[in-house]
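Participant: Residues or ranges marked as transmembrane segment in TrEMBL: 65-85, 105-125, 132-149, 155-176, 197-216, 228-252, 290-308, 328-347, 359-375, 381-399, 420-436, 448-467. Positions annotated as domain 'Major facilitator superfamily (MFS) profile' by TrEMBL: 67-472.
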Amino acid sequence: GGGRPGRLGQVVPAGSCAEPCRAVPGAAHGTSMVLQEPAGAPSLSTAAGGVGDAAAEVQLSRLRWAVLLLFSSYSMCNAFQWIQYGSINNVFVSFYEVNAFAIDWLSMSYMLIYIPLLFPVAWLLDKRGLRLTALAGSALNAMGAWVKLGSLKPHLFPVTVLGQVICGLAQVFILGMPSRIASVWFGSHEVSTACSIAVFGNQLGIAAGFLVPPVLIPNVKDVEKLAYHISIMFFMTAGVASALFILVIIVFKEKPPNPPSRAQAAIQSRPAAEYSYVQSILRLLRNANFVLLMVTYGLNVGCFYALSTLLNRMVIHHYPGEEVNAGRIGLTIVLSGMAGALISGIWLDKTKTYKQTTLVVYIMSLVGMIVYTFTLSLGHLWVVFVTAGLLGFFMTGYLPLGFEFAAELTYPESEGTSSGLLNVSAQIFGIAFTIGQGQIMDHFGTKAGNLLLCSILFLGTIMTAFIKADLRRQQANLENEQT
């Protein structure tokens, strides 16, 4: 799978260097010293018309922010469609005349679809690259949104299920992309921030999914009026998804003209024949630190999925008639989590303390979950807003940390594959926790269901403490700089 880059100990011949360089006259006649060009500067030999080493030339592209923003936007639209039913669970139960568990499955279908399709889609991302994956994800997202417009009568529940399944397919092409886009397009000093912004879009979509449906769709008994309000939401979603698909066709490029970091240059210069997708997965599963991270990530994010899916039921149980505030509490969780994600991404770029930051955020997620569990039933909505915000800041803030820590532990393996395995773990645990917590809530109440999540986060915290900080990507950048 291509060894580690940075061939230390190798003698560099006179007149050449591993990075773009220039000769500067020395004090003594006939001597010269080699000065390294900073990362991001174009090779002078190439600029002068000479033959530059393409693999060694490191330069940032201005297009990188447009690509990142576009990905974040269609990821946002897809995440909105994930939670748009769950955030007003009771309204859709009434409209489609089904039980609450059937509406829960509209959210869980996203998780279920992801599990068998991860490996073929991750293979496609490795073989065909970012552009084809982006086109597939944004096209399926738009298609699913249009299908849902055919489900505006109570007996057409199967059509809305079909639309949601298509959107779930789109999600498979979206979830593994953030760390790959960050690595392919962004320099080593901004890669964690870029990954955070890419994840940020998905979280913004969940926030909109909590905020918009309760505002657009009032809980009324008149079926015709309800169908009209639902149609407004479905039309808006389909229009936005279609516009984003067109923008992806026009704007989204496979990769920048030059690699943005030395680590990425080393990967791009590796012969294609050296890379085996199956061997890559086997190497990842033999990496003990990555396997530990995969389980702990699944536990944390699975808890977040369960909490998001069941939030409407929890709040309505303690505060009847407060559908709009239930959505706002979900919004608070996600918005504070987006702030947490952005802060943790910037912090990682500054400090590179992956293990320590991940452990602290995990511990605080546990603390936030315990506080939320014991304040939900106090009868004061403002207290729920505060505790939910605290929980969201750390639990959602953990998402990009997991992706970036995985990319460090598994370099030079593909970030799409490592992210995909993390997401599969999250989907499996998410389905199990959503069903488990839902059943416990039905039989023993909301506190018992939330205590289940507290115990799971406690287990994840203990396991996180055993992960060793083997930062291979950082080491590759350092070795290349020294060379």
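Glycine residues also receive a Cβ, built from the backbone N, Cα and C atoms like all the rest.
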Participant: With pairs restricted to those 6 or more apart in sequence, evaluate whether the transmembrane segment (290-308) and the transmembrane segment (132-149) have 3+ C-beta pairs under 8 Å.
Facilitator: no
Participant: Out of 105-125, 228-252, 328-347, 420-436, which stretch touches the transmembrane segment (448-467) the most, going by CB pairs under 8 Å?
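Facilitator: Highest pair count goes to 420-436.
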Participant: Can you find at least 3 Cβ pairs under 8 Å between the transmembrane segment (228-252) and the transmembrane segment (328-347), where each pair is 6 or more residues apart in sequence?
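Facilitator: These two stretches do not touch.
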Participant: Among 105-125, 132-149, 155-176, 197-216, 420-436, point out the range having the most Cβ pairs under 8 angstroms from the transmembrane segment (381-399).
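Facilitator: When the Cβ pairs under 8 Å are tallied, 197-216 comes out ahead.
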Participant: Give me the stretch from 105-125, 132-149, 155-176, 197-216, 328-347 with the greatest number of Cβ pairs under 8 Å to the transmembrane segment (420-436).
Facilitator: 105-125
Participant: Going along the chain, which residues at least six beyond the ends of the transmembrane segment (105-125) come within the CB cut-off of under 8 Å?
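Facilitator: Residues packing against the transmembrane segment (105-125) from afar: 82-83, 85-86, 92, 132-133, 136, 160-161, 164-165, 167-169, 171-173, 175-177, 180, 277, 281, 305, 308-309, 414, 416-417, 420-421, 423-424, 426-428, 430-431, 434-435.
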